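S.K.: Straight from TrEMBL, here's the annotation block:
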type    : residues                               : note
BINDING : 115, 116, 117, 118, 119, 120, 121, 122 : ATP binding site
DOMAIN  : 31-147                                 : domain 'Kinesin motor'
REGION  : 1-26                                   : region 'Disordered'
Ligand SMILES: Nc1ncnc2c1ncn2[C@@H]1O[C@H](COP(=O)(O)OP(=O)(O)OP(=O)(O)O)[C@@H](O)[C@H]1O
């Protein structure tokens, strides 16, 4: 019998004002997790002496490196931040795997990438899809072997 798809269990998150503009600091149910991946500079960008504009001081914060020293740096909080050294496997394991594999228990979930052109959406989503497919087929193999 096919189970009725449900949405993922909600999570209690304490949001800061910078994460949710106008949202205040009250605790509320969140079913959307937002992660940020900062990609490394491309060869072309390095050749042009471009600089990465963002620092990732911890796993949840990005900090705009303001070239204009008159203003203080601006930081934003997210559910998870992946710095330019993070592998796609780490992004998958820590940022997408649980959501992707929730399909195996009949839970409906969506993973999508949003960002400006060349920010790495295709690169990241391709890696996430490849890893998710590998895990799903591994699960199918294990389940069918156990039958
Ligand atoms: N984390 C990363 N490490 C190394 N290279 C990356 C990374 N992310 C993206 N790139 C490279 O940066 C370039 C742009 O990435 P990608 O095509 O994924 O961007 P996009 O956001 O899908 O762009 P568009 O919106 O124009 O389709 C590609 O050459 C890709 O290989």
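Residue positions begin at 1 at the first shown residue.
Backbone N, Cα and C define each Cβ position, glycine as well.
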S.K.: May I ask you to report the DSSP-based helix, strand or coil state of residue 122 (ATP binding site)?
M.R.: helix
S.K.: Which one of these binding-site residues, 117, 118, 122, has the sparsest Cβ neighbourhood, judged by other Cβ atoms within 10 angstroms?
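M.R.: Result for the binding-site residues 117, 118, 122: minimum number of other Cβ atoms within 10 Å at 117.
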S.K.: Counting only residues 6+ apart in the same chain, whose Cβ is under 8 Å from the Cβ of residue 120 (ATP binding site)?
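M.R.: Residues satisfying the criterion: 37, 39.
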S.K.: Take the domain 'Kinesin motor' (31-147) and average the pLDDT across it for me.
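M.R.: A mean pLDDT of 92 is what the model gives the domain 'Kinesin motor' (31-147).
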